[in-house]
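These notes concern the structure reproduced below.
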Amino acid sequence: MNFLLTWIHWGLAALLYFHNAKVLQAAPAQGDGERQQGEVIPFLKVYERSICRPVETMVDIFQEYPDEVEYIFKPSCVALMRCGGCCNDEALECVPTEMYNVTMEVMKLKPFQSQHIHPVSFQQHSKCECRPKKDIRNKDNHCEPCSERRKHLYKQDPLTCKCSCKAPDLRCKSKQLELNERTCRCERPRR
């Protein structure tokens with residue numbers, strides 16, 4: 001009986017979702033300016049806003065560049081599209097399936113020395129899906145860490161286990177250096 005009710009519940013939710021998907025694609029998340037305070041927001045709108053999708057998120061620059069401790073960034077955080085929302089199953093999490101880099105100008109201050117506006121690259125998420133949580137995955141599927149030393153320099157694709165450098169090549173080139181893919185460090189070009 002519970003199984004049947006669960007299927008009916010999800011079927012109804014899916015029907016409502018797909019029926020109104022066109023309308024909500026263009027609607028912003030805070031687009032309820034015309035609603036009166038205290039008015040009840042309908043279930044469908046609440047449900048559609050909670051699904052796993054890219055949403056604008058404020059990200060601390062030091063979270064993305066933990067090695068840049070000698071600088072103060074202005075602004076200290078930037079608005080990026082990142083995966084967020086619910087998966088309606090405790091064993092799943094909302095993760096990015098497509099990403100791209102965006103470059104933003106931020107001010108880098110070195111206290112009592114200098115301040116310059118620099119291009120800084122960040123990763124944005126363009127598509128998201130609900131996937132099994134890392135700690136629940138089968139051990140056969142588990143990815144080995146990128147590097148025991150300097151783990152913070154790498155990012156890892158949870159699907160392919162491929163490791164790549166967090167530091168964008170553009171950051172190194174702006175300093176007339178080259179990115180060493182093996183060490184994920186900016187180095188002087190070899191002649």
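Backbone N, Cα and C atoms are what each Cβ position is placed from, and that goes for glycine too.
Features of the protein shown, as given by Swiss-Prot:
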DISULFID  C52-C94  disulfide bond
DISULFID  C83-C128  disulfide bond
DISULFID  C87-C130  disulfide bond
CARBOHYD  N101  N-linked glycosylation site
SIGNAL    1-26  signal peptide
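Among the disulfide-bonded residues C83, C128, C130, the residue whose Cβ has the fewest other Cβ atoms within 10 Å is C130. Cβ contacts within 10 Å of N101 (N-linked glycosylation site), excluding its own Cβ and spanning all protein chains shown: 11. Neighbours of the residue listed as 'N-linked glycosylation site' among the disulfide-bonded residues C52, C83, C87, C94, C128, C130, defined as a Cα within 10 Å of its Cα, are absent: none qualifies. In sequence order, C52, R53, C83, G84, G85, C86, C87, C128, E129, C130 are the residues of the chain that are 6 or more apart from C94 (disulfide bond) and have a CB within less than 8 Å of its CB.
Under the three-state DSSP scheme, C52 (disulfide bond) falls in the coil class.
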